[in-house]
Amino acid sequence: MVNYIPGKEQPFLDAVSRHWKIVFLLALGFFHVILTLTILPAHLSIDEAIYHMMARDFPARGLEVFTGYPEYSSREMLHQFMRVYSGRTFSQYPYLYPVLTTPWYFVFGFYGLFLINSFAFAGVVLLVYLLARDLFSDNDLAANSCLVFVLGTYAWEYSQAAWPHMTALLFTTTAFYLAVKSYNSENTSHRLLLALTAGLVAGFAPGIRLDTILVLGAILMIFLLSRPWRPLETIAVAAGSLPGLAVLSWTNSIKFGTFNPLSYGTPLDGYVPTVPWVLAGAGLSGLVLLWILTRSPVTRFLKQHWGYALGGICLAALLVLVIPHTRTMVLQVSVGMLMMVVDLRFRDPAIIEQALRTTSSGAIVYILGLKKSLIQSLPYLTAALWIPVFRILRGSSETRSLLILFVVPILLGAFFGFTRDHGGLCLNLRFFLAALPFTSILTAFALRTISTEWSVPDGPMVWISAIGLGAAVFFLFVGRNVMDVEALELPLLNLPLILATTLLILVIGGDLLKGTLGSFVRHTAFVILAISLTWASLTAFFYDYPLHSRQRAVNYEMGEKVLPLIPDDSVFFTAPFIDPFLKLVEKPRLRIGFPGRDRFADFPKIVEFYLKSHKRVFAAFPEGFWNELTRGPLSQFSINPLLSMPGCIVAEITASKAD
């Protein structure tokens, strides 16, 4: 979109020939393939098991997922992520991922779900390059964007997982890239065809993950808010999205009895998780207001009468604060964004979540690891925010390209700030994965700006020193205390915020200060940015990834021990543990029960029902649970221990000898 003319001084990454950058990226790709071939196809969370069940059953059952609920209608026979409609059970998740994974699952089994995401990752990296190149006409910046995305974010680990984030990201990034191609095209028919195709891809993306609808909204905003606005392209995108949304509506009508394409259905407790329509209405109202404010006559008027503009802003802010509903929503989004983007310790401690515990300061702990906000994972983002924003305010020739890159991150931040959904069992924010291609390009832009506009020389010694210092501090504080979450709050939660804040102050100073002091601040800002990028990479690859891999390995090993003990066409109950036994999903016609869902109220009756139906019944509970059950609800049954595991005993439940 912008023809960038390189200056005399180029960033170190740019000083290396593009040939060697591509070679390095290909080497990373080869390493990625090797790592993918060696990973254990194990479940990290119940979400992946649900997707496993969907892929397993799709060829024979279509959208329906086999459970024990149709045989015995109890909450215990249905996980909370499953739905019941017309006597059949379905997943709450959309239909398209099991469709896409069917051939992969047929050939490779559950491992096929890992492979499809691995290939999707390669596609996303290529799209990051193409998108950055089209926006800035700078191949070096494009290559650097890929390096930041691959090495400076936590995207890599989702390329080696079973849940569909990376596959969904391939769809959304493809759609966005096509939209940018449409935006830049000078041929009307070509422009409309690209916009239609962008809408088509974006319309099918919610069939993988519902939150991808935000990217469709972002694409529409690009054309709506353009000056002059692009009504034909807007209509083309909207029309293109209709087939995908129509199929999603149709499948939801089969699964949930509703044509709402953004529904997760109604669970047994009656709560309906769906898109918050209040937020959607507010977003639509805000979009209309933005459209009005970005029209040329209005902007000219506001520039000439800035006092009216200031008064209007104050009046609007007053109305927002006076009206209870808007005040509550704005506060909720603001505090939620503070929690999700800055520090997860702002989370309401009164909210109870499964498998989650907190430290004394409110830090979130999963699988003996600290969960981090976006900035705590990627502390360099403050530079990727300020440097582009300052150039937008100055009316840079690259303003349009920069604004386009901000749309998706802002929409994701507002939406998940409102919902405050941090994604559960993982150590980073998987729901912000869709923003990472854009933040990576913005970061590469910041690196280029620091070196060219600020004339900061950045030879290899700067990067080597930053990497060396970052690694030394990281392994000193994190490596020695990897299992002590209280001790890790300083390096993993506090230090990234210190880096991010320091970096923000320095880049602001670098843009505003002149002379010797300004030069010193700019040089220091680059060093801190290099350290922040190093820290983000170390956190992703030497903390998050190993802990997730360790948990998968533990679940895999425990599943391997239990799998031979449980026959096909049987029943298996587990509480409070679920994850270690998710491998049992591979067993044909195995019914997995969750007696903790109603505090074991129906458990004895369900056991009796299946034993009378000549089905073998097994369970895995802590020893204390077994003791209580054998003295009470299961006193009329015989318990035959089969395997003792850390924290629980696996046993078969049979009818008593007296029976």
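From the backbone N, Cα and C atoms, a Cβ is placed for every residue, glycine too.
Annotated in TrEMBL:
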- 22-44: transmembrane segment (TRANSMEM)
- 104-132: transmembrane segment (TRANSMEM)
- 139-156: transmembrane segment (TRANSMEM)
- 162-180: transmembrane segment (TRANSMEM)
- 192-225: transmembrane segment (TRANSMEM)
- 274-293: transmembrane segment (TRANSMEM)
- 305-323: transmembrane segment (TRANSMEM)
- 399-419: transmembrane segment (TRANSMEM)
- 431-450: transmembrane segment (TRANSMEM)
- 462-478: transmembrane segment (TRANSMEM)
- 490-508: transmembrane segment (TRANSMEM)
- 520-543: transmembrane segment (TRANSMEM)
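Within its own chain, the transmembrane segment (104-132) has Cβ neighbours under 8 Å at 25, 29, 32-33, 36, 39, 41, 48, 51-52, 55-56, 59, 138, 141-143, 145-146, 149-150, 155-156, 158-162, 164-167, 169-170, 173-174, 176-177, 180, 437, 440-441, 444, 585-586, counting only residues six or more beyond its boundaries. The stretch with the most CB contacts under 8 Å to the transmembrane segment (162-180), chosen from 139-156, 192-225, 305-323, 462-478, 520-543, is 192-225. Packing against the transmembrane segment (22-44) from elsewhere in the chain are residues 52, 109-111, 113-115, 118, 121-122, 125, 143, 146-147, 150-151, 156, 159-162, 425-426, 548-549, 551-553, 555-556, 559, 579, 582-583, 585: each is 6 or more residues past its ends and has a CB under 8 Å from a CB in it.
Taking residue pairs at least 6 apart in sequence, the transmembrane segment (431-450) and the transmembrane segment (192-225) share three or more C-beta contacts under 8 angstroms. The largest share of C-beta pairs under 8 angstroms with the transmembrane segment (139-156) comes from 431-450, of the ranges 305-323, 431-450, 462-478, 520-543.
Same-chain neighbours of the transmembrane segment (462-478): 12, 487-488, 490-492, 495, 526-527, 530-531, 533-535, 538-539, 542-543, counting only residues six or more beyond its ends whose CB sits under 8 Å from a CB of the stretch.
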